[in-house]
Amino acid sequence: MEDFVRQCFNPMIVELAEKAMKEYGEDPKIETNKFAAICTHLEVCFMYSDFHFIDERGESIIVESGDPNALLKHRFEIIEGRDRTMAWTVVNSICNTTGVEKPKFLPDLYDYKENRFIEIGVTRREVHIYYLEKANKIKSEKTHIHIFSFTGEEMATKADYTLDEESRARIKTRLFTIRQEMASRGLWDSFRQSERGEETIEERFEITGTMRRLADQSLPPNFSSLENFRAYVDGFEPNGCIEGKLSQMSKEVNARIEPFLKTTPRPLRLPDGPPCSQRSKFLLMDALKLSIEDPSHEGEGIPLYDAIKCMKTFFGWKEPNIIKPHEKGINPNYLLAWKQVLAELQDIENEEKIPKTKNMKKTSQLKWALGENMAPEKVDFEDCKDISDLKQYDSDEPEPRSLASWIQSEFNKACELTDSSWIELDEIGEDIAPIEHIASMRRNYFTAEVSHCRATEYIMKGVYINTALLNASCAAMDDFQVIPMISKCRTKEGRRKTNLYGFIIKGRSHLRNDTDVVNFVSMEFSLTDPRLEPHKWEKYCVLEIGDMLLRTAIGQVSRPMFLYVRTNGTSKIKMKWGMEMRRCLLQSLQQIESMIEAESSVKEKDMTKEFFENKSETWPIGESPKGVEEGSIGKVCRTLLAKSVFNSLYASPQLEGFSAESRKLLLIVQALRDNLEPGTFDLGGLYEAIEECLINDPWVLLNASWFNSFLTHALK
């Protein structure tokens, strides 16, 4: 390549290129591709200015050979190819005489006709990519950019190409010739691939005054001045050996960079112990609804009226009894609480005018269930700071739990379709700008895929319950208010439907801080027999409260109806997030959009329609022990939505930690799959950080087991 450069380019250009490389400490004999690139760039700059003059009338003219006495001025000032000091002197003098803004970086030319600096680019890649890099680097409206490629393409600011067609054709022909000459010598491929992106070397700006003093004070040890530190940092080779750099930086650091190979990662260790239990604020797949279609009763829309109406649709009530006690609780109190709800609802009906809200009598069973008077008495810190052995009371370490199969079933169920629609089209928000046509189309397609999804039912149920509970907590702080758990949907035929899942009774709720807790007792209908998976229902007391007739293929069958009762709690901040669960729709829509964008940029046109309507295509959904699971685009939408919804329903510090730490390992594995030869240090520490979050949370444990499946298949 070096020989080729010396043969192919004018000796003056070769000499300038060598000088420029030496100024930056680069060797033309070693970095031969760079040598060729600099020569090419210089030649293009010279050709750009050749033969272009300005005559005495100030008009731009082209003179190839002519009267040497004519009063002509060169149209372009060449800045490229001068040494830096000289180049900046020229730029400064141009700025002083013309009043043009001084550029941050050294440009290549100055155009006296258009009164602007020009940055010339010659690229072996796509012109628009290189153009954007240049524009991002110089960030100046004033400097004109003109990019040429070896394939005859060009791009210039505002499509203003400055020169006439013929002058530009000369440059393109020359570039094409260089390319052919290189190719015939087998040099082109290496030259084409060696082009790096634009590097940004900002011109140094001076730091003075207070900032300068602060900078000098905040230097690491052993550095006398900011200059001295800067020089040290600039000496870091980006691809030098990292270990040496780390040990240079600090005596304490002795990281050895280990290559990360297919055999390096081990699976995450999931905890042993009893199976994990359900911890969501309301039942998910096990919930049962009592529903009314086309509600038109008096007071329709008032939760208590709706609830009573729904209760009346069921005729199979019977004397309740406990069939799965709560290990630690006083179970008869749960039974009495349910009986009290039934009795007080009955009382309401006997009244002349049904009230809009109902506060329960403060019976001993409710006081117990809601933890009334259970909180330790608060003592002013001033009164006890002299006590010598004052300490926070010990809390037990959480008991490790193992992954149970129910959480995967819950997730699968959340991805399924129900026979009702849970959101209207406008649930995701209206268009703001007219350009949103494609966005609307995507949103409508997406809504169609997820409106019937069970995860969407969970969103609407969560929004309703959290809104109602937060309202009641503020409006009736001292009361044990009954809050019906309600949702609304539309049937296949488009008929409105109101559903009742059960009731919540809230405890005292003087919530001053975001994290202050309000206790509540939830009572939820279900057809699930708790004895099938008793570990899932550890925190519940389950009653049998009736028999329900179900229509099946073989006719009507009677099934026992259960009531799942438990004490629970939440806080203002959790209710605030619960009320905003609709955001899950937006998050998963954005994930789908980025998939469509990726497709569209490959095909260079908007692929929204094809993406949703090509039913034959399958997409990767996730990893399971069987391998990569695939499904239709609708299934992908629903799976992404379910993940987002479960992140909200099962939000916890364990999930935060696991997501943040496992992401690091995921990125390393992906780098390995992309053959980027990643290196790591203290991989053991990363594993520790991830596994510290695997304690007892069902959703985190499930994600960890998915992560292990991913590791297995990614590294095959």
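The backbone N, Cα and C atoms fix where each Cβ goes, glycine too.
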Swiss-Prot Mn(2+) 1 site partner of Asp108, Glu119, Ile120, selected from His41, His297, His326: His41
Stated Swiss-Prot location of motif 'Nuclear localization signal 1 (NLS1)', expressed as one of 124-139, 364-379, 428-443: 124-139
Integer Å distance between the CA atoms belonging to Glu80 (Mn(2+) 2 binding site) and Ile120 (Mn(2+) 1 binding site): 9
For the motif 'Nuclear localization signal 1 (NLS1)' (124-139), the number of residues DSSP places in helix, strand and coil: 12 helix, 0 strand, 4 coil
Glu80 (Mn(2+) 2 binding site) versus His41 (Mn(2+) 1 binding site) - Cα distance in angstrom: 9
Per-residue pLDDT averaged over the motif 'Nuclear localization signal 1 (NLS1)' (124-139), given as an integer: 84
Glu119 (Mn(2+) 1 binding site) to Glu80 (Mn(2+) 2 binding site) - Cα separation in whole Å: 9
Conformational class of Ile120 (Mn(2+) 1 binding site) under the three-state DSSP mapping: strand
Chain-internal residues near Glu80 (Mn(2+) 2 binding site), provided their CB is under 8 angstroms and they sit 6+ positions away: His41, Leu42, Cys45, Ala87, Leu106, Asp108, Leu109, Ile120
CB-centroid shell, 8 A cutoff, Mn(2+) 1 site His41, Asp108, Glu119, Ile120, site residues removed: Val44, Cys45, Glu80, Pro107, Leu109, Ile118, Gly121, Val122, His146
